[in-house]
């Protein structure tokens, strides 16, 4: 019996092959298939943000000035969220709210959903770009895996949290002072700093900063003196094959300092990857919990005792009172559409009053 081995031949001008060849060609700025998602989305997200912070008011959604045109600066300008009455509408330009009127669309907060959605897909496109390039040059995909952490935080804070609340209104607006307001809101209404997922996130981010500082200093400290240049950067050839620092010396140093030390580079660098990525993912999970109004730690026994005994107070009970103050002062200012009015006697006062 005769068996013929072979493969099907494609047409020379196959459209997919032509596109693949052009997109993945070696050029100064790599495009790739991921670029079809990344570049348009990043362009629209950044363009929408610059347009909103320059020209668009938040008077109709928050009762605020939020653009350079109205007198804001870089720290106070923002692309603000839509009004609470619009709930979770995508606010498409051609939708029933704006009906194709660009000015009305901006006034309603359409730029926020535009920036948020294009920003999310732009970040995903950037992660796919790292996957694609890693595959092209036969690297492992850990860069892309690491970048999933900030994507998780962005999606949880800007998309999932407001989806769990009554509308996009409760998401952060895109601006520096606006993010600060959102942080205060998270503390006052969710007691976020006492949430264990926030604690893990802080440990991850600050732990990663500590690891970076220690790692950079250790490598600098153990560089081989194999050149006669005046400083670190002149003393080495960037294309040299051998390593430029002594892992053995570093291991001896930290073994004497702490009693333990990393014995190989793979475990050391994986740990530097693991700490911040895990911390950010834990924060993202915590924010998803807040979207469902899950509570942080409650030390009820301390609250009861503080209520019964005026002389008993802890940092926890003080923070609970501060949160009540944030809610009382912030709700009326932050949600003008609710027409909230708090009697003077329920507003928090300083001890001197």
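Using the three backbone atoms N, Cα and C, a Cβ is placed for every residue, glycine included.
Taken from Swiss-Prot, the feature phosphothreonine applies to 2, supported by similarity to another entry. Residues or ranges marked as transmembrane segment by Swiss-Prot: 41-61, 125-141, 153-166, 208-228, 279-295. Per Swiss-Prot, pheophytin a binding site is recorded for 130, 143, and the stated evidence type is sequence analysis. If you look up Swiss-Prot, you'll see 198 marked as chlorophyll a PD2 binding site, on the strength of sequence analysis.
Residue pair residue 143 (pheophytin a binding site) / the residue listed as 'chlorophyll a PD2 binding site' shows a Cα separation of 24 Å.
If you take the C-beta of residue 198 (chlorophyll a PD2 binding site) and look for same-chain residues 6 or more apart in sequence within under 8 angstroms, you find 192, 283, 286, 296. Counting Cβ pairs closer than 8 Å to the transmembrane segment (279-295), the top stretch among 125-141, 153-166, 208-228 is 153-166.
If you count neighbouring Cβ atoms within 10 Å for each of the binding-site residues 130, 143, the highest count belongs to 130. In the three-state DSSP classification, residue 130 (pheophytin a binding site) falls within a helix.
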